[in-house]
Number of protein chains: 2
Amino acid sequence: MPTDIEIARQATLKPIAEVAGAAGIPGDAVIPFGRHKAKIDTALLPDAPQGKLILVTAINPTPAGEGKTTTSVGLSDALHRIGKKAMLCLREPSLGPCFGMKGGGAGGGKSQVMPMDEINLHFTGDFHAITSAHNLLAAMIDNSIYWGNPLDIDVRRVTWKRVLDMNDRALRQIVGPLGGAANGFPRESGFDITVASEIMAILCLASDLSDLQRRLGDIVVAYTRKREPVYCRDIKADSAMTVLLKDAILPNLVQTLENRPALLHGGPFANIAHGCNSVIATRTALTLADYVVTEAGFGADLGAEKFLDIKCRLAGLKPDAIVLVATVRALKMNGGVAKADLGEPDADAVRTGAVNLKRHIENLKKFGVTPTVAINHFHLDTDEEIAVIREMAGEFGADAVICKHWAEGGAGAEELAGIVAAKADAGASGFSPLYPDDMPLADKITTVATEIYRASVVHFDGGTARQLKQWEEMGYGKLPVCMAKTQYSFSTDPAKLGAPENHEVAIREVRLSAGAGFVVAIAGDIMTMPGLPRVPAAESIHLDENGQIEGLF
Amino acid sequence: MPTDIEIARQATLKPIAEVAGAAGIPGDAVIPFGRHKAKIDTALLPDAPQGKLILVTAINPTPAGEGKTTTSVGLSDALHRIGKKAMLCLREPSLGPCFGMKGGGAGGGKSQVMPMDEINLHFTGDFHAITSAHNLLAAMIDNSIYWGNPLDIDVRRVTWKRVLDMNDRALRQIVGPLGGAANGFPRESGFDITVASEIMAILCLASDLSDLQRRLGDIVVAYTRKREPVYCRDIKADSAMTVLLKDAILPNLVQTLENRPALLHGGPFANIAHGCNSVIATRTALTLADYVVTEAGFGADLGAEKFLDIKCRLAGLKPDAIVLVATVRALKMNGGVAKADLGEPDADAVRTGAVNLKRHIENLKKFGVTPTVAINHFHLDTDEEIAVIREMAGEFGADAVICKHWAEGGAGAEELAGIVAAKADAGASGFSPLYPDDMPLADKITTVATEIYRASVVHFDGGTARQLKQWEEMGYGKLPVCMAKTQYSFSTDPAKLGAPENHEVAIREVRLSAGAGFVVAIAGDIMTMPGLPRVPAAESIHLDENGQIEGLF
């Protein structure tokens with residue numbers, strides 16, 4: 001079987017202007033970045049979102065892989081093949097992790113977005129712009145402290161760190177500035193990876209440039225010695241940051257292997273942030289296409305919940321259909337099979353593991369939407385194993401459809417496309433978020449933990465409950481909550497696969513993302529600056545004799 | 001008088017493909033980045049540099065301004081106007097300083113390169129790519145130490161710092177990683193601004209991608225506990241860094257206000273590095289045009305010396321003509337007039353200050369080239385003041401020509417263009433570098449200090465002389481030297497204007513830039529990470545109601 005990179009290199013890409021034209025984007029709205037990437041000037045598009053929104057989510061991730069992005073690409077290509085006007089909306093991958101363990105998220109097999117190397121490297125510079133804007137604010141905070149500290153910032157309570165789009169554990173925790181009076185007042189600080197920046201979340205939730213600037217201004221960057229919040233607006237950084245982000249806010253157009261349009265825009269963390277592509281890209285796609293396929297991070301317990309409770313709530317979007325991706329292999333792992341043994345047929349293990357699938361279906365119905373299960377096919381899957389999945393999905397009224405887009409491209413997902421388009425057209429989605437805006441913050445957290453994770457007890461450690469109350473008093477009580485927990489389990493223990501219930505969730509820390517517009521509740525150890533492995537992928541990334549990149553995927 | 005930004009906004013830019021076409025660049029070599037920027041795929045151009053190379057340098061900078069970039073733009077435009085096929089080559093400005101005191105270097109008046117806001121912000125992402133490549137190497141060094149330190153790196157002797165394209169004094173000196181074993185081994189470190197990265201110098205001196213990779217591999221990043229050098233190549237970062245830089249190495253095409261082509265590429269510091277645009281851009285321009293106008297940083301004592309002794313030496317280039325820019329106002333300041341009094345006519349002060357001009361003419365003749373003096377005209381200049389300049393330039397056989405390109409664009413510099421083109425055509429340049437490759441490093445430093453700066457004594461402080469000897473033993477003896485001293489004076493005292501001589505130069509520190517291919521000799525305090533002022537420009541940079549950037553210039 002050819003590798004992803006081999007398939008990608010055999011692809012014939014169309015000039016991006018041609019892809020844009022076929023998508024109904026007027027030529028003057030296409031701002032080229034290289035030959036196969038463009039930014040779309042949304043001001044030149046009609047502002048009338050009318051398409052149907054299709055969310056692709058998945059069971060809990062396992063080392064076996066589920067293929068959520070691959071399925072999103074395949075579904076979008078398939079919609080085109082059955083005569084529908086579709087548009088794909090995905091996140092941009094992060095540069096840093098490419099040098100560690102993995103290539104970026106651009107799909108796989110015959111369902112990929114192109115050009116994968118450029119997408120995974122600097123792309124159109126959005127993440128660099130976010131890094132610059134983030135670090136400008138950081139520099140201006142220390143500069144304000146340096147020049148007499150007129151805002152009375154408590155140097156022990158500066159919450160705004162710096163960011164780099166790099167896996168660099170050595171920067172997690174630092175002390176500086178050192179070197180004396182010319183450099184400033186020493187304090188503890190550190191760096192996160194750029195995708196963990198609140199600015200990334202803000203860019204992905206902003207409706208336009210003025211909303212972006214308002215949200216940037218709302219960021220709480222520090223507290224005074226009297227414990228009053230200091231806002232980005234007080235530092236007077238918000239307008240210059242907006243200038244730095246004025247191009248980054250425009251969605252990026254690329255194409256699938258089948259030359260169909262895809263908007264890749266934004267890529268916030270799916271733990272301390274909401275994990276979806278930008279609202280602007282989604283809305284742009286909804287003005288251009290009749291069916292918009294988008295995805296959410298991690299499994300449905302984290303990704304879909306945030307897509308629905310944060311992105312849809314804040315942006316006034318609603319899903320017209322949801323696709324829940326599962327694989328025979330991943331369900332077997334949920335059923336206790338080791339990765340090395342996944343090649344053996346084992347319908348019983350699929351049945352055991354499919355409790356994970358059933359739980360996600362049941363959860364999604366709580367949002368008023370019955371998902372369609374996409375069985376992302378692998379050549380070793382047996383009919384018996386697949387029959388088990390169909391049967392278990394059917395217990396909750398969910399269709400389960402075999403998809404062979406990895407091997408066949410869009411042609412392999414036409415059945416799925418037909419079913420999903422029909423469901424979206426039928427208006428069967430009765431979407432509503434899980435909890436109302438008015439619910440107290442702690443109750444929102446408890447609601448997600450009990451309703452979605454099926455915890456029986458939620459602990460609020462340390463001062464977290466009191467902190468939530470304080471934020472309510474400050475006027476942040478109506479914000480949704482953004483849960484940060486392991487993606488591997490419904491519980492906070494990554495080893496508990498399947499469908500654990502009656503477990504305990506401990507909220508160790510809460511953080512206010514006042515600009516993005518949510519409160520982060522952290523249940524477990526969340527790493528916001530990854531490290532490199534012993535042998536980083538960077539050691540083998542190189543240009544071959546033809547100038548092509550090797551080792552990136 | 002309209003401001004630079006007002007003039008810029010009235011300009012009608014041509015599509016960049018049209019500018020490229022007029023410059024003889026084939027369409028398939030034009031990689032667009034937005035509507036008015038492009039990268040040039042140099043592999044698709046003929047590799048036969050045949051144009052004449054014209055260097056624009058200046059007297060020592062003063063707060064009055066000399067207009068070196070403005071003159072470069074005006075001269076190039078003027079060459080076109082008199083029927084010559086010309087190309088302009090400039091440095092890219094740095095993002096960070098835009099948020100501090102000043103806008104970037106894109107010329108002024110009617111001699112500007114466009115689009116000035118995009119050029120000064122993210123441009124085509126070159127500096128972001130350099131930042132990424134630099135910090136990938138840094139992360140891989142700490143990662144190697146973390147995973148058992150197989151190279152036996154002495155954590156006290158890691159010379160490779162990190163960089164950000166930001167004025168952020170708080171990062172100059174830090175300690176980290178802190179936080180325990182999971183984060184690594186604490187050590188002292190810090191950040192420089194991106195333009196100070198050795199990678200910037202390397203990108204600007206590399207002849208192609210494989211030369212780039214070789215130079216990256218040659219960087220000395222640390223020393224072992226046995227004091228042996230550790231190279232970037234030992235860290236295995238050089239090939240991934242090359243991948244990150246594969247687009248950054250391509251020159252960027254923009255246009256002047258008169259729609260003439262300009263390549264802006266690279267922007268190394270002019271103190272710890274050589275301060276010129278990339279060799280690749282210069283060579284590309286020489287294949288495309290009959291006359292290439294380029295500039296060097298700071299005054300001729302630093303900028304031209306490095307252009308000639310480093311860039312021309314290492315790249316096998318030679319200048320066919322040199323333009324030395326001076327203004328009446330700057331010479332008056334060299335003659336002792338305060339900035340507030342520059343409006344008063346004062347031919348005597350011009351005469352006093354013109355010793356600075358004479359010294360630079362005399363110095364340039366030591367390289368075998370008699371410069372043409374460009375008097376960058378200001379509306380208050382008197383005929384008498386200008387006559388003094390002509391007279392003093394004439395003492396060394398240099399023509400002095402009035403240029404009014406600031407007010408009139410290329411039309412104001414036609415006389416200069418005619419004279420310079422004629423000189424270049426006449427083959428009068430007898431260029432040779434100041435010192436031979438074979439001279440010992442300390443003698444090279446002494447030669448520059450005595451011949452160009454006119455010092456009578458050169459001290460080698462601390463262990464600098466011994467260090468130079470060690471590098472000679474390691475095989476670095478044939479490298480040129482890169483002097484880092486104040487740009488405001490021939491001496492190391494920025495207050496000594498005019499033409500000081502018989503002063504003392506103390507070499508406080510030497511640094512090896514083994515990848516770039518030079519040895520840096522530091523005479524004075526050189527700041528490689530600027531800070532922001534009390535009221536940073538960032539506070540007033542914003543988008544106006546039409547989405548145009550205000551406050552950047």
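First residue shown is number 1, and so on along the chain.
Each Cβ is built from the backbone N, Cα and C atoms, and glycine gets one as well.
Noted in TrEMBL for the protein shown:
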type    : residues                                               : note
BINDING : B:T62, B:P63, B:A64, B:G65, B:E66, B:G67, B:K68, B:T69 : ATP binding site
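Here the features listed in TrEMBL are painted onto the structure.
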| residue | record | contacts (Cβ under 8 Å, 6+ apart) |
| --- | --- | --- |
| B:T62 | ATP binding site | B:R329, B:A330, B:M333, B:N334, B:Y488, B:L497 |
| B:P63 | ATP binding site | B:M333, B:K339 |
| B:A64 | ATP binding site | B:T327, B:R329, B:A330, B:K332, B:M333, B:K339, B:L342 |
| B:G65 | ATP binding site | B:T327, B:R329, B:A330 |
| B:E66 | ATP binding site | B:A58, B:I59, B:V325, B:A326, B:T327, B:A330, B:N376 |
| B:G67 | ATP binding site | B:G108, B:V325, B:T327, B:N376, B:W406 |
| B:K68 | ATP binding site | B:V56, B:T57, B:A58, B:E295, B:V325 |
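When secondary structure is read from DSSP and collapsed to three states, B:T62 (ATP binding site) falls in the coil class.
Of all the Cβ atoms in the protein chains shown, 24 others lie within 10 Å of the Cβ of B:T69 (ATP binding site).
In the three-state DSSP reading, B:G67 (ATP binding site) counts as coil.
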